[in-house]
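Contents: one structure, followed by commentary.
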Amino acid sequence: MRASADGHTPVPEHFHEARPSWDSPMQFVLACVSYAVGLGNVWRFPYLCQMHGGGGFLIPYLLMLILEGIPLFCMELAIGQKMRLGSIGAWTAISPYLGGLGIASVVTSMYLCLYYNVINAWSFWYLFHSFQSVLPWAECPVNANRTGYLEECEVASPTQYFFYRETLNISSSIDENGGLHMGQALCLLLAWIIVYLFIVRGVKSTGVVVYFTATFPYVVLIIYLIRGVTLHGAWNGVKYMFTPKLEQLANPQTWINAATQIFFSLGLGFGSLIAFSSYNHHNNDFEKQAVIISLINSGTSVFASIVTFSIYGFKATFNYESCLERMRLLCLNAFDLSEESISAGNVTEWIHYLNITHPESFAAIASKIEHCSLEAELDTAVEGTGLAFIVYSEAIKNMPLSQLWSVLYFIMLLLLGMGSMLGNVTAIITPLADIKLLSRSLSSESINGLVCLLCLLLGFGFTSRSGNYWFTIFNEYAATLSLLFIVFLEVISVCYVYGLRRFERDIEDMLGHRPNWYWKVMWAVVSPLLLFSLFIFYIINYIQGGTPTYQAWDKDLGRSVVKEYPVYGQVFIALLLLSALSCVPLAALHAVCRRKQRGTAIREHRHA
C-alpha cells in the first residue's frame, strides 16, 4: 500500500463505507476501562505487591507504566482510529506483509476467550451458592454414615474442598479424564449467552453495557473498602502493604514482574484496543484518553490492593488469634492450670516456660505445638484463582452477614470478567466483520453468534474433571510469549517499516499537532528495548525451567502437589506457543507468493 502525495496513510476502502461509531468519547473511554480493568487488578497486582516488598513495588510499577504502558497503549489507539479497521485489516493496510500480526492477535484473543469465560462460570457458580443460610464453603459436609465430616474436607479446609471438589470436581492428574461437570457446563452456557447479548449489535449494544460494567465494580470496591478497614485486624494488612521493603528493588525479578504486569493489565497486543478505537471519530483525542485510561487502570490496581490487604489483614489476624487460642486450650488441658492464667497475649511465654519446667509432660504435646506468627500469615502469598475463590471466600465466611458480602463480591468478579470479555470478543469479531466476503454473506449478529457458539463448544472441555489442568496450560502459555512478540513487532513495524515520520503526520492529521519528544523516544527506543528484553527473558526462562510442571490436587493430602506434564501435554504447550507466533511469518510468506503470482500474471498478460 503506497503513501498518498501528502505522505499521509492512504484511506482504506472500508473508510468510506458506513462504519458504526461510539455515541460519545465517554463510551469509548468506559469500554477501554471495562476491558483493561479486569480480574488481574484484583488477584495479580496484590500478589506482586506482597511478593516484592509491599509499597516498594509501586516504584518499578509506575516507572514501567511511563516507559512502556502509556506509549504502547497510545500507539494501538492511534492505529485503530486512523485505519478504522480491526487488527487484521489495520496491519494489512500498513503493509501487506504485516497481516499476520493481526491474525496472531485474533488467534491469541481466541485462546483467551476460550478459558477466560470459564472464570465467569465459576463466579456464577459461587454466586448461586451464596443464597443459602450457611455458605457451603463455611463448613465441611458430613460423610455417608453421618458419623463425621468427609475426610477429604477435614484434611484440606471447607473453602478448598468446595473449590476443588464441589466447583471443579477435579481429577488427581491431567491423565485422568472424566465427564463434564453439568453444573459448570450450564454456568458456562449462561456466561456465553450473556456475552452474546452484550455484543449482539456490535458497538451499539457494547456502548450501553459498558456504563454498567465499567462503573459498578468501583461501587462494590468502595463498599468493600469501607467494610474491609472496619474489620478486626484489617490495618495489619494495610500497614503490611504500605511498608516498603526497598531491598526488593535490587531483585531483577521485581522489575520484570512490574513490566509484565503493566503490559498484560492494559491488554496490549490482543487487538481489542485497535478494534475499539476503530469506532472512534477521526479527530477524537486518543492521546489524552490513553493517559487517562492507563492511570485509571493502575489506580484501580492500587485501590483494589488496599481492599485486598484489608481482607488479608482480617484473615491473617483471625488465623493468628485462632492459632493462639488452640495453643492456650492445649496448654490448659495438658497442665493443671486455671482458666485465667493463660491468655492469648502470654501463651508463647507459657509454652516456653512449661517446656523448661515440665519437660516430660510437655513432650507428650510437643507434636501438637504450632508456631503462631502474624507476619508468617501475612507473608503467605496467593494469586489467581487461589486468591479469588479460596482466600476471599475464607475471609467472607467469617464476616457478619457473610451471604451479603459473598453476593456483592461475586457480582463484582462477574462484572470485571464480563467487561474484559467484551474487549476479548470484539478483538475477534471486528476483523471478521471487516472481511467483505463474510460481511456480505452473514449478518453481524450471525457472525457474533457463531464466534460465541464456537468458543462455548470448545470451552466445554474446561468443565471436565481434568479441565482445570488444561485451563492452567492456556492461562500460563497461550498468551504470554505471543503477546510480547506481537507488540514488539507492532512497535518495530510502526517506527521502522511504516516510518515514524509518516506516523507523526498521521497523528497530526487526527489531532492537529505532532506527538512530542516523549512519545517519539518511547516508541523508537525505550519500549522496543524493554519488550525485546522481556521476550528474551521469557524464552530463557522457558528453556531453563526444564520439564513444565503443574499443581495437581491430592485428595488424600488435602493439598496441591507438583507433577510434570505428560509428553502430549508438553507437545500441546509447544503447539500453543507456536500457533500464534507462526501466523506472522506464514502470512508474510503468503503475501510474497501472491505478489510473485500477480507479477507473473501481469507479465504473461503483457506478452499475450
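The backbone N, Cα and C atoms fix where each Cβ goes, and this holds for glycine too.
Database features, via TrEMBL:
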- 28-46: transmembrane segment (TRANSMEM)
- ALA36, VAL37, ASN41, SER265, ASN297, LEU416, SER420: Na(+) binding site (BINDING)
- 58-79: transmembrane segment (TRANSMEM)
- 91-118: transmembrane segment (TRANSMEM)
- 181-199: transmembrane segment (TRANSMEM)
- 208-235: transmembrane segment (TRANSMEM)
- 255-279: transmembrane segment (TRANSMEM)
- 291-312: transmembrane segment (TRANSMEM)
- 407-429: transmembrane segment (TRANSMEM)
- 450-471: transmembrane segment (TRANSMEM)
- 477-500: transmembrane segment (TRANSMEM)
- 521-540: transmembrane segment (TRANSMEM)
- 567-593: transmembrane segment (TRANSMEM)
| query | In the structure shown, which of the binding-site residues ALA36, VAL37, LEU416 has the fewest other Cβ atoms within 10 Å? | reply | ALA36
| message | Just to confirm: which same-chain residues, 6+ apart in sequence, have a Cβ under 8 Å from the Cβ of ASN41 (Na(+) binding site)? | response | SER265, ASN297, THR300, SER301, ALA304, LEU416
| query | Which residues, in sequence order, are found in the same chain with Cβ within 8 Å of the centroid defined by the Cβ atoms of ALA36, VAL37, ASN41, SER265, ASN297, LEU416, SER420 at the Na(+) site, excluding those residues themselves? | reply | VAL33, TYR35, GLY38, LEU39, GLY40, GLY267, THR300, SER301, GLY419
| message | Is it the case that the transmembrane segment (567-593) and the transmembrane segment (58-79) touch, counting contact as three or more CB pairs under 8 Å in which the residues of each pair are 6 or more positions apart? | response | no
| Are there 3 or more C-beta pairs under 8 Å linking the transmembrane segment (181-199) with the transmembrane segment (28-46), counting only pairs at least 6 apart in sequence? | no
| query | Top stretch among 91-118, 208-235, 407-429, 450-471, 521-540 for CB pairs under 8 A with the transmembrane segment (58-79)? | reply | 521-540
| query | Counting Cβ pairs under 8 Å to the transmembrane segment (407-429), which of 208-235, 255-279, 450-471 comes out on top? | reply | 208-235
| remark: In the same chain, residues at least 6 away from the ends of the transmembrane segment (181-199) whose Cβ sits under 8 Å of its Cβ atoms read 117-118, 120-122, 124-125, 128, 167-169, 205-206, 209, 418, 421-422, 425-426, 429, 448-449, 452-453, 455-456, 459-460, 462-465, 467
| remark: Within the same chain, the residues 6 or more beyond the ends of the transmembrane segment (208-235) and with Cβ under 8 Å of it are 27, 30-31, 33-34, 37, 198, 300, 303-304, 306-307, 310-311, 313-314, 316-318, 320-321, 399, 405, 408-409, 411-412, 415-416, 418-419, 422
| When you measure from the Cβ of ASN297 (Na(+) binding site), how many other Cβ atoms are you left with inside 10 Å? | 24
| query | Should the transmembrane segment (255-279) and the transmembrane segment (477-500) be scored as in contact, given a threshold of at least 3 Cβ pairs under 8 Å and pairs 6 or more apart? | reply | yes
